[in-house]
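Just below is one structure, and these are the notes that go with it.
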Amino acid sequence: MVVHKARKRFGQNFLVDDSVIHNIISTFKPMKHDYVVEIGPGLSAITEPLIHSVNELLCIEIDRDLVKILEHKFSKYKNVRIIESDVLNFDFNTLNIGIRLIGNLPYNISTQLLFKIMEFSDQIIDAHFMLQREVVDRMIAQPSSSDYGRLSVMLQECYEIERLFDIRPDSFNPMPKVFSSFVRIKPLSFNRVRPKNYNIFKQLVTRAFSQKRKILKNSLGEWSKHLDWEALDLNSQIRAENLSVSKFIMISDFLHNKGLM
Ligand code: SAM
């Protein structure tokens, strides 16, 4: 038997609680025609129960030693492919559309990965991720709450996010210091109200939250002079944390229509 020593730098906390694994799989509801991409399969706690239930399973794992173990373990399965890669460098455009993502994500890259999946929201059916509970608090936060920020706005512009259940630290080996949450992320309809210029929207949200406590007028710098605050129904003392996603889209469209960028 090969023994793998968990590597901290890869955020390796392996799931060892069968009831949690069962909950994850039954909530994910794998289907025979699914094309599933698992991020960070590790020692295959989620991988194994998926194999017989889906059409194709692509696993992206950064740790070379784990890749060897996985390749050996799953070599007889034609529907499983293991790729050794840093998921942050992986080009999802090389995959078909209609993928389902799943992963017990390494905490150190979770925010970066969430920003990455925004780039291909039209390509995915859904994503089921296990993340640090505090990250999920920020993902689902609503305006005027302390957790509301750039991550909330950018994700909620393209995804519907649902916290499904929390997981205790003792469900993992080694035990993390924090609780985790399992979430479902589903792209919003293609026909939703989208920013006319996504690049402006992205820059606007970044600027607005760059100094969260500042009033919007100040954090937007020279852009604020071009805004018609009254027409946009914006109070001059408003802060980024008080603006809804749709308001961010309105402001971004206004800047776009003015031809500012
Ligand atoms: N899925 C397994 C489980 O639930 O027990 C392992 C989860 S562990 C929290 C995170 C996994 O992601 C590890 O296998 C780790 O090596 C892998 N990983 C870490 N950083 C990664 C990256 N940048 N790209 C791909 N995999 C990564």
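Indices start at 1 and increase along the chain as displayed.
Keep in mind that glycine also has a Cβ here, set from the backbone N, Cα and C atoms.
The candidate list Glu56, Glu61, Glu134, Glu157 contains one residue that TrEMBL assigns to the S-adenosyl-L-methionine site with Asn13, Leu15, Gly40, Asp86, Asn104, namely Glu61. When the binding-site residues Glu61, Asp86 are scored by other C-beta atoms within 10 Å, Glu61 scores highest.
Most other Cβ atoms within 10 A: among the binding-site residues Asn13, Asn104, that distinction falls to Asn104. The sparsest Cβ neighbourhood within 10 Å, among the listed binding-site residues (Leu15, Gly40), is found at Leu15. In the three-state DSSP scheme, Leu15 (S-adenosyl-L-methionine binding site) is classed as strand. Confidence over the domain 'Ribosomal RNA adenine methylase transferase N-terminal' (20-189), given as mean pLDDT on the 0 to 100 scale, stands at 96.
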